[in-house]
Amino acid sequence: MEEPTVVNPAQPSNLSRKIISIAAGEAHTLALTADGKVYSWGRGTFGRLGTGSEEDQHFPVRVSFFGSDDEKEDKLKIVGIAAGAYHSLALAGRINKMKFDSVELILDLVYDEGTVSSYEMMDQSGPGVTTSVSFVMTLLLTKTCFMKSKYVLLQFVPFFCFQKFSLRMQVFLDSDTDGQIGVTGENYLIPHQLEGFSGLGSPGSSTQDNKMKSGKPLKISSVKAGAMMSLAIDNLGALWMWGNCPHPSESKPLVGEFSLVSSVAPVPVWNFHGHTVVKVACGNEHVVALVSAGETYEGGDLICYSWGGNNHGQLGTGDNAGRLHPEVIQTFNSDSPWEVYEIACGASHTALLAKRKGPSDTLESFCWTFGLGDNGQLGHGTTQNLLSPELVRGLPQNIFLVSIDCGLFHTSVVTSAGEVWSWGMEKGLGLCPDSRFIGPDAGDALSPLLIPCNGLHDHRFREPLQVACGAAHTVLVADAGYKLWSWGRGRSGVLGNGQTVDCYAPTVVLWPLLSDDFREEESQNRGPDGDSKEKNPEESAETDKRLSAAMEEMKLLQSRLSVMERYVSILHGAVFGKPFLEHELPSSLQNSGTFDIAKEWENMLDSSDQRKLARLEMFYRDMLAGVKDKLMKRRIQEIVQECLKSTASRTTE
């Protein structure tokens, strides 16, 4: 099992700005801060953002779990997030030794007396600070089907517990055929508690244990989501699935037979009974899991399993036959010299990070991929499918890979040195299917391409932590969690930069929020005892008015900027055959704010190669021909009008 993490409440203002985890769905993004709060942005249809409406959000917005109840909201602590195609999940808890009574569609937190349980949150806390929870909230706020069926959100509550750390979880599913949110009904626009794990026993526990725990909710340690399915690992290392999943069949299937089964209730994967599931990932139709060789995870003894759809070889089993039951990927069996530590799934391809077993003088790891390769998402220089894992050889050597994720048709990986490498559809950006480069630089990236950091700190990102890929966009946590970057398809504001245009290079997400600056100013007005200094109602109203006005002004400016950037991008693409990038701004405009168009045009011509000059000449000829044609048509229209007037005049006479 993954190590629990400690939560440090020190310096709350800093913790509220530090991102410790991100997740990306089809067109929405989630971020979790060190103080246990969740932010969402992007497409809002089906309620996937949990904001109470289906409106798109162009920059991060705080998700409220208890509505206007600020006291409960402050005590709530989210410790994990996950995003499927159209739904979201959140794992919740709080720091306190008191019982919190369960309220209707809300979860309750229970602290077990005498328990020293903790859940480590990316080293942001100090020793002795512990977090205890007894439920997981699933903010599965949406539907989950690409078909035009009724999208619904569903509620169910599983419990998580890592060792003595317990969580109850809530999920939203569509009520139609998939059930990835765990309940049937209308869409939920705000987080809804999931109840489906109540009364269930872990397949990793004995019958006697289950009888002893009868009536108690199951304890869950982690959650994962993808496409139209949701997954959870309980405290005993057992795996549960619900939604549109490749559930193992009790009857022996025919060779190569495979089908997805929709389930609202969590279903255990009994094949791993007696072992510990440590990590899991899923694509559209397949699942990959890291499972201990023995009963417990001792470190370095993980075996990689896969099952589900396999039309393109995404299971890595050496053929393209689907599997209803988990099967070992032989490249990473118990005798393998490789230790897999990270897994990710695209629509129909799989990527893994692995290091050599045993002691080593260098901290080095490698990337393996297999499955669908039509758009170069495997990174092997071809568009061929791979039925078995192969090393991606286009990455730098002697480096450690810290994070990997897959979009529908692209893959991104981050190195400890701060480099981001991507490959797949449209230069590894994943833009699909109607956002494409034009000109000579267009095309899919069949091998890893370096994604530069806009030249701000050479090409590297400082202190990167995690990369997450949506269907056609990518998000990176850098600067030890205090900065977010995004690029790719920008529809619905999924990049979080206040715009809706596609970005072909990393752009900064609007983080921290403007409202946080106001809260920090408010905290500075507190007295030494932590109480707010006396402020009359007029001052409070004025502060709220300032905040509201600033937010509205920022939205207006962002809207105008988005329109202008879209126009510039279209014009630049028509002239030069490629999108406009920020580093292409003339140096005089960047440094002084003035712009000598004649001089800059001359400089541009001097620096252009033969191909660029030929394109400019072609563009000039086309534009000149168009202008001449328009002038000629207008002159003809004028002559016709003159003739008509002359004829009418003679007729009158």
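The backbone N, Cα and C atoms fix where each Cβ goes, glycine too.
Curation does not apply to TrEMBL; its annotations are automatic.
Positions annotated as repeat 'RCC1' by TrEMBL: 1-35 (among others). For the repeat 'RCC1' (1-35), the model's average pLDDT works out to 75.
Per TrEMBL, the feature repeat 'RCC1' maps to 36-94 (among others).
Positions annotated as domain 'RCC1-like' by TrEMBL: 206-510.
Under the heading repeat 'RCC1', TrEMBL lists 237-293 (among others).
Feature annotation from TrEMBL assigns repeat 'RCC1' to 302-356 (among others). Residue counts for the repeat 'RCC1' (302-356) under DSSP, split into helix (H, G, I), strand (E, B) and coil, are 3 helix, 29 strand, 23 coil.
Each residue in the repeat 'RCC1' (365-417) gets a DSSP state, and the totals come to 0 helix, 24 strand, 29 coil. Here TrEMBL flags 365-417 (among others) as repeat 'RCC1'.
The region 'Disordered' annotation in TrEMBL covers 520-545.
What TrEMBL lists as compositional bias 'Basic and acidic residues' is 521-545.
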